[in-house]
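Asks: Have a look at this one before I ask anything.
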Amino acid sequence: MGSKSDWPTMEHAADMLDKLGVPYETRVVSAHRTPDLLFDYAKSASERGLKVIIAGAGGAAHLPGMVASQTSLPVLGVPVQSKALNGLDSLLSIVQMPGGIAVGTLAIGKAGATNAGLLAAQIIGTFDDTVRQAVETFRAQQTQTVLDNPDPKAS
Ligand code: RP5
């Protein structure tokens, strides 16, 4: 993530990865404040064994696109909700990648971070049966919870 201040959003990605049993690391790497670290991080990610990178940032959110430019690993971008523009700035600056460098952009804020964790697990699940099974179990339980609670007025 671009800043420690992004953690209250990005922890929802970590929570989902925990839930699905996917190991991960969490790092603050800023496109603007630590550009050399960003290049080192992205360039070495694949050889360090990472399979997917979730990059969350807010405002003029260059982090996901710059990371994607330095690695061929899939990069999932999470627009963090900014104070000034409610994350619309983050969303547009992450989603509007020019053709040729791909960033998979999720929703603004908590839902986007949660789904980034889920989508990362689904990507891992294409080659790891344990993770694929965990994703399928999570989704089946989610479905069952909705079916078991049809009345919103019931406690
Ligand atoms: C971005 O600037 C970060 O991703 C964060 O969302 C935003 C504000 O950062 P702080 O000023 O709170 O460190 O680079």
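Glycine is no exception: its Cβ is also placed from the backbone N, Cα and C atoms.
If you look up TrEMBL, you'll see 1-146 marked as domain 'PurE'. The substrate binding site feature in TrEMBL is assigned to Ser3, Asp6, Arg33.
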Asks: Across the domain 'PurE' (1-146), what does the pLDDT come to on average, as a whole number?
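Replies: Overall, the domain 'PurE' (1-146) comes to a mean pLDDT of 98.
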Asks: So around the substrate site, Ser3, Asp6, Arg33 aside, which residues have their CB within 8 A of the centroid of those CB atoms?
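Replies: Along the chain, the qualifying residues are Met1, Gly2, Lys4, Ser5, Val28, Ser30, Ala57, Gly58.
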Asks: Please go through the binding-site residues Ser3, Asp6, Arg33 one by one and keep those whose C-beta falls under 6 A from any atom of ligand 1; give the result in sequence order.
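Replies: Among Ser3, Asp6, Arg33, near ligand 1: Ser3, Asp6.
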Asks: Are there any residues in the same chain, six or more apart in sequence, whose C-beta is under 8 angstroms from the C-beta of Asp6 (substrate binding site), and if so which?
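Replies: In sequence order, the residues whose Cβ lies under 8 Å from that of Asp6 (substrate binding site) (at least 6 apart) are Val28, Gly56, Ala57, Gly58, Val80.
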Asks: What counts of helix, strand and coil residues does DSSP assign across the domain 'PurE' (1-146)?
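Replies: Secondary-structure breakdown of the domain 'PurE' (1-146): 75 helix, 14 strand, 57 coil.
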Asks: Let me make sure I understand the span of the substrate site: among Ser3, Asp6, Arg33, what is the greatest distance between any two Cα atoms, in Å?
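Replies: Largest pairwise Cα separation, rounded: 14 Å.
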Asks: Taking the Cβ of Ser3 (substrate binding site) as reference, which residues of that chain separated by at least 6 in sequence fall under 8 Å from it?
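Replies: Listed in sequence order, they are Val28, Ser30, Ala57, Gly58.
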Asks: Mind giving me a neighbour count for Arg33 (substrate binding site)? Other Cβ atoms within 10 Å of its Cβ, every protein chain shown.
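Replies: Taking every protein chain into account, the count is 11.
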